[in-house]
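According to TrEMBL, the features are:
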type: TRANSMEM; residues: 12-34; note: transmembrane segment
type: TRANSMEM; residues: 40-57; note: transmembrane segment
type: TRANSMEM; residues: 69-102; note: transmembrane segment
type: TRANSMEM; residues: 122-142; note: transmembrane segment
type: TRANSMEM; residues: 149-167; note: transmembrane segment
Amino acid sequence: MNSFFKQTESQTRIFALVYIVFGFILCFFNKSILFTATRIIGGVLLLYGAYQLYLYFAKKQFASTSTLIFGVLSALFGLFFLISPQSLIAILPVLCGVILILNSAMQMQKSFTLRSHGYDNWIYAFIISLVILIGGIILLLRPIQTMKFILQLVGICLMVEGVIILVNQHEINKYLD
């Protein structure tokens, strides 16, 4: 058992430091990360679209109309994300907010159905659906700020996880010595 912990000690410390560094980057450079990620997605979509178009025009016997449609749509979306990453960044939280609000409405219906069938704990499902509704409304009203907050929260969690890993590794080393 001691040899296992000794072998994984350096890997564990590296992972912990990577968590801390990425957490720091997410906390303090979240806007540039959003733009970079959107551009990377755009580049991947553009390459995929170009590949689909190549398959359609160069290898006609293996291609169908769906290959052409997917190729054109992927290339257009990829180009759009490359040229205007702020558009996706603005649209994504709004779309998530709408999805959360719709999901909340369905969950509220289910909680009322539970109540009408005499289920005693229906209120918990209702409260959860209210929390989801509030989250969806916040996403709709403040989309960019919410995305930044979420990235900062993930960054903080990564940094805390990295510190916990380092502390645990230190405790294991004390135990083994």
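Using N, Cα and C of the backbone, Cβ positions are placed for all residues, glycine too.
Against the transmembrane segment (40-57), the recorded stretches 12-34, 69-102, 122-142 differ in Cβ pairs under 8 Å, and the greatest number is found for 69-102. Remote same-chain partners of the transmembrane segment (12-34), defined as residues 6 or more beyond its termini with a Cβ less than 8 Å from a stretch Cβ, comprise 85, 89, 147-148, 151-152, 154-163, 165-166, 169.
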